[in-house]
Amino acid sequence: MKIATWNVNSLKVRLQHVIDWLKESQTDVLCLQELKLPNEKFPGAELEAAGYRSWFAGQKTYNGVGILVRDGLVVDEATVVRNIPGFEDPQQRMIATTIGDVRVVSAYFPNGQAPGTEKFAYKLDWLNAMHDWLAQEMQRYPKLALLGDYNIAPEDRDVHDPKAWEGQNLVSPEERAQFARLIELGFVDAFRQFEQPEKTFTWWDYRMFAFRRNAGLRIDHILLSPALAPLCKSVEVDKTPRKWEQPSDHTPVIAQLDVAS
DNA sequence: ATGGCTGATAGGATCAGA
């Protein structure tokens, strides 16, 4: 089973990219972030025609997450969860479902703006709530995969220019400590289980020719629970869609799991 | 140098992203 994550920065604008990439990559389960559309505008019929069923939590203008599942995979409808249980939030940033015996979570972590701001405080609150919920979720579902735009670059090697970024939003010690807390739950950064090219990133600013200069960050991740991590056979960042016309600023990360699909 | 792009909402500038 191939699972992937992609912040598409508007599913309306990127629908054809998603459909083309699904076909090209042969992905079975695609977690999406930043749909930027209300539920009534979700392009379910177009994705169905491409061979995928969709679960999503959208809202107007901002945020919004979804999980696309290839036809034929068994999804347990009764286990779908939208947003973090117990964490009141109008922002739609998390959806979870169960495919076979694999629990899949698609998450759009808050950006945070800058350390010290209200939005940064919200980011830390959200991360705390997510951490506590995931601790329980891992007990319920040993095979747990957390995919998404984390808006955290865990280490300096995930940053094109660590000096310039030192202490900034997305790399600050507080955020990295939160990422480390997820690792302490037992999660494994699937990407780092394998040898990877130097300076592999998943996001590049639209401005200043950042992609051309590879001035990016690795902020989109796939974390796997202890029971699932050993079943992961490869992880790669696929830069191709970032080269397409009118791309998302993020590019997909894909993992091959040794799980029946 | 807080600029530089892009998308959504709106029907022009502003917010938000990272």
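Cβ atoms here come from the backbone N, Cα and C positions, even for glycine.
Note that the structure is a prediction, hence the values are computed from the model and not measured.
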- Message: Need one residue: from A:E34, A:E40, A:E118, A:E174, the one TrEMBL lists with A:N7, A:D149, A:N151, A:D249, A:H250 for Mg(2+).
- Response: A:E34
- Message: When DSSP is mapped onto helix/strand/coil, what comes out for A:N7 (Mg(2+) binding site)?
- Response: strand
- Within 10 Å of each Cβ, count the other Cβ atoms and name the one among the recorded positions A:E34, A:D149, A:D249 with the highest count. A:D149
- Query: Taking the center of the Cβ atoms of A:N7, A:E34, A:D149, A:N151, A:D249, A:H250 at the recorded Mg(2+) site, which other residues in this chain have a Cβ no more than 8 Å from that point?
  - Reply: A:N9, A:Q33, A:Y108, A:W203, A:I219, A:D220, A:S248
- Query: What count of other C-beta atoms do you get within 10 angstroms of the C-beta of A:N7 (Mg(2+) binding site), across all chains shown?
  - Reply: 24
